[in-house]
Ligand code: SF4
């Protein structure tokens, strides 16, 4: 069945488990329990992730009986394309519908080094960052690992048409991945599996708002996957104003967990800092941030915030962005300003879904 056919069928009932929710080891167990040799699982895995079919009937090196059994017991994740926006810079943003009529955003970004995919881990988000449209309707539900995987497989299928690859993944779409930790880790393990999509661990970044217990857990996972932290303020008081999650996990505890992560992994941490006009973008904020980060192996990514009408947040003036950057750099902090992608298509987190929800309310 083609993607188009799948979209038309628009499966609305989740009657069977998603094949993408099964690891290779779980598929091996399933094969053995169903009287098949263990190696069948690797063949299925290859059809799913390397040949990237959307229907069990296409798995032609399996017996007809096995294909029918798979079809009886599993389904593929259906991502129906509600809208798609293509930016002049090559960014493509999708609003996908899930089987239960929820909508999620996935973005393919084109860089000179390849294509990266930004995935969503939850329908909505309960973290409540004040500059973020994704959190406006609260959290609806967690995505399963398979639903996160499907976003990357779908992106790769789209890129297959022009012989290109998903070269990196960022978990920076809607949701707090560390509030959906187990499914996120399952997703990551599938992404890096050498028999699957085989994405290099160092080309994957997971971004958290600072769910401290799971930063420790992630540090102990023994992976090479990058960690980014949405910091957005140089101190506890201001961070609590911008990010309510800071009241649950205070600034100093977040920093301590990051030091643990760094000690354990030796990896450089990315600090995401959304610059909000007149709020956290003053020279003294840059000075304070430089002080906090002075002993850390890190990189600061400055993100000029998009206008958020609900909060009346405005963008920092260009000259002030450069001043902020210069102050950090003068203190020896590695810092860049995020290249804005898809600005003309509302590529910032949650904006497309928020518009869609608004429309549904009106309908
Ligand atoms: S920025 Fe991320 S963690 Fe914060 S509310 Fe938005 S989706 Fe949630």
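Placement of Cβ uses the backbone N, Cα and C atoms for every residue, glycine included.
Of the residues proposed, 155, 167, 207, 240, the one TrEMBL records at the same S-adenosyl-L-methionine site as 175, 176, 230, 231, 232, 306 is 207. Secondary structure at residue 230 (S-adenosyl-L-methionine binding site), as computed by DSSP, is strand. With a cut-off of 6 Å between Cβ and the nearest atom of ligand 1, the recorded positions 105, 207, 231, 232, 306 reduce to an empty set. Nearest to residue 132 ([4Fe-4S] cluster binding site) in space, judged by Cα atoms and limited to the binding-site residues 176, 207, 306, is 306. Secondary structure from DSSP puts residue 105 (active site, proton acceptor) in a beta strand. For the binding-site residues shown (125, 129, 132, 231), fewest C-beta neighbours within 10 angstroms: 129.
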